[in-house]
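Colleague: Following this message is one structure expressed as structure tokens.
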């Protein structure tokens, strides 16, 4: 820890100077070392003792208020300076003392891992203490190499410049898109023609990377991710588990752990001096920026790849809703333009036809004319017209194109974010899994001990002592590796599986019961209002019943939605998943199944008015009311870690994905019933993107930057919904609309080949004398001379030999409906497969860039190896040349008299060593020629 100039302990100040540099709010007290992560715990004191901390050193348990290892350094400098020290002389709860020792051990292990720690002074009776963590360059470089983090190198190449018509079109499109691009400084560099190669970080190849400053080489998100990996794997033997910070938070040792935001999100007034959080707030998290593209690269840089992929997917989905909305509006206006020329609607509204319809209920309901339903018929034509079939086929193909487009976009992002070739990281077990596994091991050990106890004698005290120490040793070893050879089997999870199946079936029954109850309510209220003597009540039956039923259904769905979310989490815990990924996937699957039934059972529940908007609005209002109160209570908490701790913790992306997946289901499944669904979804998403952006930037703590190559199980759910939508739309068109009956009538039963007479063809006759006793209308305003009334169905008339039985027309229409379902499914699925086959998953330019970069990286490393080899050879040849020169000088001196007396040839008289020297000299000459060759110059030029 830090020390002041007068050799006193330096304690971090909780109060921020208003003139302090905002960047120093993210650093240690020295203003240099960056805070990469923050741990928070709750402390409680009982009394204070005046004196030196060293006087009470043996009688207290350190609770982290003093930096570890500082007392020894400062004892001599503070011998004669008494100070008031708050000591914990015996916590009221023994668990608090245990937590203190666990924290000390854990923080000691963090120091052993290389992290630097700074503590707050505990100057209150109780409260929250903050521990700041900093990772120096040695730790960052070591962990970056272990995690295989890709970083840009010095080697670059120029991208191929497009020419001709494609270049002109791209330039025009870029200029048209310029007003919609966010103003992000580094985004201009990304559109340059120069591309730097990326490679996994290695401490042996630091010369390859453009390291201008070791403090800024790794961005804040990468630094926090590295520190989180250390926190997650650091062991604490007191917990008898291998996991680090997740286990300690679950056991209450720490309250929370989070990385810091990059300062305040309010703009500072200087555009070039804005931090990433301010840029995101100004260019992304404002409703005024709704028309701009999302700065996806900046989102990924700040929040990590997993959250970046979510917002990229949401942006692609929203963009592709634009053509779907345009086509839906065209279909709607086509129905509106053709409503006046629609023959079935004209026949229903024609009062001269005088179709007398049968009563809708017993006794209380009267006969009625079909012309009174004219408004309903004209309104239904807006959504039920021949263009609806085309729109259903279009939306099925749209779903396939959306998935294919997202796959291409995902691969492009993987390339630009250096995620290609990323290996799956090994995950640590969840705390709940380790706890249950530990309990299983203890039960197993206890059973073994009970089995062996009867066999032991009293005379085996020495052996008992040895076994006791042996068991302790094995327990300690097991605490360090609890899951090495032992794991939970299906027998351990069988009760959870059984409860899961039965509970999900029960919840399905609850949903169906809720829908059935609403139906019963509609029937009952309709009958009661129809029996009323007030004519105004009778005239408003349909509107009143529909409105109240929708409200009741909405309330039921909101209640069940919250219940199902908690039930899904509880059922997932019963399955005891081993890792967080397994837990998340199983939770998502259960929550989707339950919420799928809850949302889609009542089809009239529209996605745009889902209750999550109401919940978000309530949460926003609650935060606004709570914020001033916190500032009044704690006016001094101005440091960044205090401000971030007051924010809401990040709970994952499951609620955000779930909301959009349910909406995608409404857009794709029931689009044949409501062509304007894509338009409402588009309007919702424009607001949703900014709402989520504001929540992430201003309301939530900064999430841990997690690497991810795709959106995970959500893609499989989207693909399943896309295939399921084909079946649903086929049945909706066939059995809930008049499209098939109109085709059958026009081509099989119409005498003129037109739709004239279609309404009369679809209405059957009923003899009023066949009413059961007590079901005849008690009061009839249409008179008592009614002999026959009509109802919509294909049945034989009363004068037929088989009255009221299904007619031939019924079976013809049913066969046509089933045939249409089969034809529609096969046609659309075939076309979807064709679309998926035609559109390649990997864009052509991306595949070319990957091949080129791979070749360039191989050349870089080959050239580097050649330079190393040449350097070794030159050093070796230089040494040999020096030795040879020295030996030649010696031999010349010794042979000089002999050479003067004998001028003839001098025979070799030395050992075989001189014969090897010419070879070494020739080899050194060869290497010198290699080093002076043009190829060597090229190698030096291309090497990084």
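Here the Cβ of each residue, glycine as well, is placed from N, Cα and C on the backbone.
What TrEMBL says about a protein is an automatic prediction, not a curated fact.
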Colleague: Which residue range, 612-635, 636-659, 660-683, 684-707, is the one TrEMBL calls transmembrane segment?
Modeller: 660-683
Colleague: How about the transmembrane segment (387-403) with the transmembrane segment (543-571) - do they touch, taking at least 3 C-beta pairs under 8 Å (6 or more apart in sequence) as contact?
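Modeller: Contact between the transmembrane segment (387-403) and the transmembrane segment (543-571): absent.
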Colleague: Which residues, given as numbers and ranges, are at least 6 beyond the ends of the transmembrane segment (497-523) yet have a Cβ under 8 Å from it?
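Modeller: Residues packing against the transmembrane segment (497-523) from afar: 545-546, 548-549, 552-553, 556, 560, 564, 567, 571, 574-575, 590, 593-594, 597-598, 601-602.
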Colleague: Hey, which bits of the same chain come close to the transmembrane segment (660-683), Cβ under 8 Å, at least six residues off its ends?
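Modeller: For the transmembrane segment (660-683), the nonlocal Cβ contacts are 314, 317-318, 321-322, 324-325, 327-329, 331-332, 383, 388-389, 391-392, 395-396, 399, 592, 595-596, 599-600, 603, 606-608, 610, 714, 717-718, 721-722, 724-725, 728-729, 732-733, 736-737.
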Colleague: So how many of the residues in the compositional bias 'Basic residues' (440-449) end up helix, strand or coil by DSSP?
Modeller: 10 helix, 0 strand, 0 coil
